[in-house]
């Protein structure tokens, strides 16, 4: 189809100056996020009948939705219905497991401000009912993963509330936690640590 200007001249798209996109350097796809790595790990455990662990959905109240096409709805505004508890829960060897996944770019410590009071209270309740609660912490700069039992997280949280430091040092995590081995399948083998810490 030929397009013409009002004066009769033909529109030639090639004569228009081309806009060159500005290149921005991003490293966001360099590595997977902790959540993606755990989802992949949990899928491996489920597929191989090792454990049944899933990411908890975040309950949202949808307020505004746009329908640009009949088959496509876009959520424009939503609110959390209630504070979420922890990220993952499931069953392993007949025991309920519940854990939170956290990442930090810090080299020497993990800030406790990454936790919320309702998450700490939830972990306390899981432990009180003989469930297994823990946190998986990733130090992204070192690509290191640690499993830290809820009792230690609760102790460090209480220390903070009584005037102590507002973070957990990496040395404390190394002392009280367990370094997780990483591989191809499963990506983060936290079940192996559960076997030694909780089932031996």
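Each residue, glycine too, has its Cβ placed from N, Cα and C.
From the candidate list 113, 119, the residue Swiss-Prot records in the Mg(2+) site shared with 85, 87, 100 is 119. Residue 102 (site 'Transition state stabilizer') sits 13 Å from residue 85 (Mg(2+) binding site), counting Cα to Cα.
Apart from 85, 87, 100, 119, the Mg(2+) site neighbourhood in this chain, defined by C-beta within 8 angstroms of the site C-beta centre, holds 56, 84, 86, 88, 98, 99, 122, 123.
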